[in-house]
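The block underneath contains the structure these notes are about, expressed in structure tokens.
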Amino acid sequence: MRQIIIAGNWKMNASKEATNTLVIGILSGMADVKSKVIVCVPSLYMSQVEVLVVDSQLNLGAQNLNVNKLGAFTGEISADMIKDFGAKYVIVGHSERRSLYGETDEIVAQKVQVALDNNLTPLFCIGELLEDRESNNTKSVVSKQIQVVIDRVGIEAFKNIIVAYEPVWAIGTNVTATPQQAQDTHAFIRSMLAEYDADIAQITSILYGGSMNSRNAAELLNCKDIDGGLIGGASLKAQDFLQICKAG
């Protein structure tokens, strides 16, 4: 039985004060949450959140990492730096990193490998553009993104990878894939993994990352192959986020 995982991606939001308020607000409602909950916060606030979540069931994650251990990479953050703040998770290959910063499937696969090599669990993001879906290319796009990672790290590595399917056309748009559309793609992802190893496919968590919110979370999480959510905007309000966390 796969545990529901809810991961909040704050993106480039919050302030020092807002971070404190938001984390305390989330912690105050965690007593009856059965899901695994992760908050992926801006790197500047990781030390602040590390202190707030100590000895709690709230897990800390980062939003990106550089493939290099250290060096002249201005503005970047390494796996060692992430671990220094007690984080165990890192988002890799988010659609915004792919589209705005030119991260290719190969770069994403390299980041997945670096995360794994450093005992960080990657939240490996995949997904298609609107034109891909309209031209019936969702499966080919998603399968290529997965294949490049399998070729680099092997199917066994998926024991320690969380997959996040994010239909790019449904991110930050208030347009959500129907539960059936989401389930169909999640089922396809699992079937692709099963072609390599059926047991690993069954234990791999596949999160939905397309504008899940407190209104649609329960229906989405009720789908057979949807194991949680990668939450953007709704993770910035404690009560909305908690409602999603409790929906599973």
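The chain as shown is numbered from 1 upward.
Yeah, the Cβs are placed from backbone N, Cα and C, and that goes for glycine too.
Listed features, source Swiss-Prot:
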type     : residues                                           : note
ACT_SITE : His94                                              : active site, electrophile
ACT_SITE : Glu166                                             : active site, proton acceptor
BINDING  : Asn9, Trp10, Lys11, Gly172, Ser211, Gly232, Gly233 : substrate binding site
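Here the features listed in Swiss-Prot are painted onto the structure.
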residue : record                       : DSSP (3 states)
Asn9    : substrate binding site       : strand
His94   : active site, electrophile    : coil
Glu166  : active site, proton acceptor : coil
Ser211  : substrate binding site       : coil
Gly232  : substrate binding site       : coil
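Spacing of Lys11 (substrate binding site) relative to Glu166 (active site, proton acceptor) is 15 Å (Cα to Cα, whole number). A count of other CB atoms within 10 A of each Cβ picks out Gly232 as the most crowded of the binding-site residues Gly232, Gly233. Across the structure, Gly232 (substrate binding site) and the residue listed as 'active site, electrophile' are spaced 11 Å apart at their Cα atoms. Among the binding-site residues Asn9, Trp10, Gly233, not one has a Cα within 10 Å of the Cα of Glu166 (active site, proton acceptor).
Ranking the recorded positions Lys11, His94 by the number of CB atoms within 10 A of their own CB puts His94 at the top.
Most buried of the binding-site residues Asn9, Ser211, judged by other Cβ atoms within 10 Å, is Asn9. Residues near Trp10 (substrate binding site) in space but far in sequence (CB under 8 A, at least 6 apart, same chain), listed by position: Val39, Cys40, Val41, Pro42, Gln63, Ser235, Leu236.
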